[in-house]
4 protein chains.
Amino acid sequence: MSHNTFGHLFRVTTFGESHGPALGGVVDGCPPNLRFRLTDIQRELDRRRPGQSRFTTQRQEPDQVKVLSGVMADGEDLITTGTPIGLLIENTDQRSKDYSEIEKLYRPGHADITYQTKYGIRDHRGGGRSSARETAMRVAAGALARLVVPGFSVRAALVQMGSIKVDRSRWNWNEVDNNPFFCPDPEAAKEMEGYLDGIRKSGSSIGAVIEVVAEGVPAGLGAPVYGKLDADIAAAFMSINAVKGVEIGEGMGAATLTGEENADEIRMGNDGKPLFLSNHAGGILGGISTGQEVVARFAVKPTSSILTQRRSIDRDGNEVDVRTKGRHDPCVGIRAVPIGEAMMACVVADHYLRHRGQVG
Amino acid sequence: MSHNTFGHLFRVTTFGESHGPALGGVVDGCPPNLRFRLTDIQRELDRRRPGQSRFTTQRQEPDQVKVLSGVMADGEDLITTGTPIGLLIENTDQRSKDYSEIEKLYRPGHADITYQTKYGIRDHRGGGRSSARETAMRVAAGALARLVVPGFSVRAALVQMGSIKVDRSRWNWNEVDNNPFFCPDPEAAKEMEGYLDGIRKSGSSIGAVIEVVAEGVPAGLGAPVYGKLDADIAAAFMSINAVKGVEIGEGMGAATLTGEENADEIRMGNDGKPLFLSNHAGGILGGISTGQEVVARFAVKPTSSILTQRRSIDRDGNEVDVRTKGRHDPCVGIRAVPIGEAMMACVVADHYLRHRGQVG
Amino acid sequence: MSHNTFGHLFRVTTFGESHGPALGGVVDGCPPNLRFRLTDIQRELDRRRPGQSRFTTQRQEPDQVKVLSGVMADGEDLITTGTPIGLLIENTDQRSKDYSEIEKLYRPGHADITYQTKYGIRDHRGGGRSSARETAMRVAAGALARLVVPGFSVRAALVQMGSIKVDRSRWNWNEVDNNPFFCPDPEAAKEMEGYLDGIRKSGSSIGAVIEVVAEGVPAGLGAPVYGKLDADIAAAFMSINAVKGVEIGEGMGAATLTGEENADEIRMGNDGKPLFLSNHAGGILGGISTGQEVVARFAVKPTSSILTQRRSIDRDGNEVDVRTKGRHDPCVGIRAVPIGEAMMACVVADHYLRHRGQVG
Amino acid sequence: MSHNTFGHLFRVTTFGESHGPALGGVVDGCPPNLRFRLTDIQRELDRRRPGQSRFTTQRQEPDQVKVLSGVMADGEDLITTGTPIGLLIENTDQRSKDYSEIEKLYRPGHADITYQTKYGIRDHRGGGRSSARETAMRVAAGALARLVVPGFSVRAALVQMGSIKVDRSRWNWNEVDNNPFFCPDPEAAKEMEGYLDGIRKSGSSIGAVIEVVAEGVPAGLGAPVYGKLDADIAAAFMSINAVKGVEIGEGMGAATLTGEENADEIRMGNDGKPLFLSNHAGGILGGISTGQEVVARFAVKPTSSILTQRRSIDRDGNEVDVRTKGRHDPCVGIRAVPIGEAMMACVVADHYLRHRGQVG
């Protein structure tokens, strides 16, 4: 991960600010002869798109993606040619005036102060480059990444909002699309709904935990010791806006386990392949995939834009009080669900190609 | 992070297996005219070195490092010349026969099965490349990285072992060297001692959490959106053997906070610089350092080598039972403390140079 | 240089096919607070643009560039913000039908056969990704790169067409814009005009040599031993379409020199700086700039599209005869002049930032 | 190519100065299960080794290479394991006192002045990092690279020394080992012998051109448009000490050809594969290998160390006269022959793995 590009053989580069003319991305190194439709990308973008329930920002962006290069059309299908795939989403709902009053302000918890300090200049409109709007391009790239590994699939779910955690005995992937939280536990979803309504009405916000589960990850992916699969997943998740923690398998909880509890025992499966009897490791040993489900989580901090006044300073060093009006997500973790899937898909696709390169 | 190299301008490459003739490393891109002594590296290596208490493996390795290139001598001082610095540690206590019986075995929780699956061959002796022995080179590189940023320092401590957590009101950095656990809370250290003796005697093992605190990190380091400082820290920590979770600032706990609780308010300090009134963010906003302490944690799983018999398979697909004899750490988290410091130092040094490159 | 990105700190990524909807590029790592106008980029693009004389292809492309990100406007000025700069040129004159008959043909000397063999699919329209049209983005990126190093400037000239070479005693940089060949010698230019008219009318083509001279390259740029300044220039030039040879200073002619002839002697200049008495080295010693002019050349092969029938095969293995009709350059070397300048500017900008990063 | 590492999947990193304790290298990303013997590396090193005739420096270095990691032994065979391969050559004949008098001098044509200017410090002994001694590691890495692509082989020859060129009608690869110049034309070799004796006795030096021919390069290697096979070859060759020009196929001479002359016509071969009727392109079209021989050349400038006095300055700005005594090569181009082969092997191996990664 470097500057605005990540991946080695499957490489994603993005550009664009929240309120500039457009967001763009380049997917370089994609294998040729993968077949898809524009709707395959659009469907993923629509899952991330704001304004779909009262629990996400009311900014209305159609997020219509264009594919500018790297494909040949065959009817409605697009076929990758192996050359870089250019992606573009034009920004339409830019209302920059909403942001004029924060041009000089440093909103606590936002990256205003750090971008200004680092670069001596920043695009303040809607957070500029630090806005989560950039993640639309990750989701678009992720839609392509899903095509790379035969048999691969990835799903994510919101497993915790504030102190409300899903009950894993009630986990049902089908429920994820039945509530506005991507929550796999309908009971927890109901509880979240009431809780988040309160948060939203009071102009507050709350954090969340997202779990990402990848199936069909072949055994053997990962490039130890500095390109370990889990290290790349950790970087990919931590690069998502507002993420403060990343876990693989047991995650931070591994600290409390004994060696006996943590060991994933192995038997031979009926298919003649190794059969792991548990998955504390999250499908990764020594930085290399085991062939099990890869299970990872990340924690998203509460939206920093809140109505309650907080103390801060401005660019000129004046002490000020800040209240953030405008359109915001009471729980940005919700919209991070498809982003987590996309990042996992990109990392796995990249490691699949890298492994195929080195080992054949 | 890629293969066996990490960093962009301050780049570290390592090689070597646990029981091969030597471990080596290359620190490339180090600024010239940094002055140090061999003892500066050796001191850090000695902190990581096994066999220093009954709580770490009894393998005896002097871990004497040689500097093969990239420096000119001025008396006892060495001065970096800007060319790559070659580092070498010869392995002396190799007792490979200890490992002959695991040549075909896959020890649960170890990377035996994944290395064999990935490469179709593996150096089984002491874990080969997947052994934590590789981290000696990280510590050596970290000793050089500490020299790069003027005013920079980094310290780490073990803050949790199993369910025993340090009491932050008793945190005393001076205590870290007064117990065999790098624990900053003498009360907790005492408790850990008794607890770990039990673990050790029963041939079991236990996990831990390490906290790393960097001071003197200038504001402005980090290369968003895919080279964020926290993303690179996450990858660096997750690349350490047995790490399963990484946290910045509030970490996974950020999920339970409201926006009001999480906001780090800002005032002007007496020195005319921004003064943050709290540090939930761990010193990083939008992937860029704020100038505060950078605070990160990682969880280490329990040593997979335990005396209790676990079910597994061997390379030929036979179902077997495995008990791991030999010399092992009951809590590998302990020796991860100086490794965490080293990785933090390397990441900060790299971002310092990258920032200076782009912004001047 | 990797896939479709080059540079380390000043990184350029391009995408787009000759006859797709658009060409695009991303300039990542550009220092913040550089001020320019859209016309600064457009002026360079116009120099490369086809259809400006009877000696370049009559394809009419306005090549209007848009800047989609990474800048803030200040009146007509644009100021870089340090975030990635997205560039876009929409293709307007696509006449794809011109190319339908070569869908299956492999034109000798073109990359048709290699793209098809490599990827199993290709965009045949106008050469697709292998078209020199991609270089428009290099020129746009180069216009930004020129801003990075204070005092830097770069110029290029066509110094040979077929067997017609410029007479260096008549070299006049001001003449470069007075003829359609970027030729610094008005006598040679006149000769080229007659010669190339003959070539053009017969449907043939001819090769050329371009010389690129960079001034204001600070001493000390270059990252030996695998990121030498000259190695990066060589790769940059060789990556330009149809280039078959690259020279630094004396170039291939260095083979015929003795050590006495080749030595660039040094005295102290009146400004207290080293003064080189000659520049056989082309301003680079040991891969590091000396502070002199950096002088490099590259040879461009003749356009492969010619009216004379040549033997070839098609995608299905049939033996065929190929005559290339349509709009083409009789000497593609001409339009390579601004491209050479752009690539030099990008390489020097990148090394300037890398040097500043490592050494300060 | 970056700092002291080159390659993407097959990555080579080197360290070490001419008169330091050792040279070292790391070959990372090598495929597993390649079988070789230490003598396979040593044989290539011996071809590059100085002191083998009166025409190369009389420095006596046994250049005994050790393999420190990344392999398992099977009798005398070594088998790669996919982990990084550490290589080490200890310096034995260091005679640093020979160089004490040039500690402050800048020898014209050498990198003394640029290293000192760039870094503010340099290892002056024998040229330090800028010495061609570093290339021993390239040759060792190249010996491994030769194993990667099935059916691949590479040979090189000295084709020009000063104004003496080989007659291609007399080209005989078997002659290359029958003279001290790696010259494929015995007549030219004889002429070179007399000529170089004169050069040597007068304390002068002379340049040369090396041609490298790779066979068994599969069609389809190369990653356009910034990782073209020829661009990577150009960088690889230009990174060799004293190289000033690089050519692919017709090279600089392509400037004088017409499209008709330059076109490599294609027919179907008896093996059902495309059969090129000529190879002006040097086996590369659009940056991708055609399946033909890859043919490249590079020019080496004359050794800068000569007995004739030249004007220069020292580190303190004093004007001085320099005569270089000590052991030197009258034509460094000779020893560049095996280095050219090694670099070609490394580039092809890397692209083979990259291609296999992306395309399968």
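Positions of Cβ are set from backbone N, Cα and C atoms, glycine also.
No curator has checked TrEMBL annotations; they are predicted automatically.
Here is what TrEMBL records for this protein:
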- A:Arg48, A:Arg54: NADP(+) binding site (BINDING)
- A:Arg129, A:Ser130, A:Ser131, A:Asn241, A:Ala242, A:Gly286, A:Lys301, A:Pro302, A:Thr303, A:Ser304, A:Ser305, A:Arg327: FMN binding site (BINDING)
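Structure with TrEMBL features highlighted.
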| residue | record | Cβ contacts under 8 Å, 6 or more apart |
| --- | --- | --- |
| A:Arg48 | NADP(+) binding site | A:Asp63, A:Thr135, A:Ala136, A:Val139, A:Arg335, A:Pro338, A:Ile339 |
| A:Arg54 | NADP(+) binding site | A:Pro180, A:Asp197, A:Arg200 |
| A:Arg129 | FMN binding site | A:Gly16, A:Glu17, A:Ser18, A:Tyr115, A:Asp123 |
| A:Ser131 | FMN binding site | A:Glu17, A:Ser18, A:Asn241 |
| A:Ala242 | FMN binding site | A:Ala132, A:Val300, A:Lys301, A:Thr303, A:Ser304, A:Val332, A:Gly333, A:Ala336 |
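Those binding-site residues from A:Arg48, A:Arg129, A:Ala242, A:Lys301, A:Ser305 lying by chain C, with Cβ under 8 Å from one of its Cβ atoms, are A:Arg129.
Those binding-site residues from A:Arg48, A:Arg129, A:Ser131, A:Lys301, A:Thr303 lying by chain B, with Cβ under 8 Å from one of its Cβ atoms, are A:Arg129, A:Lys301, A:Thr303. In the shown protein chains, 25 other C-beta atoms lie within 10 A of the C-beta of A:Ser305 (FMN binding site). Each of the binding-site residues A:Lys301, A:Thr303 was assessed for Cβ neighbours inside 10 Å, and the highest tally belongs to A:Lys301.
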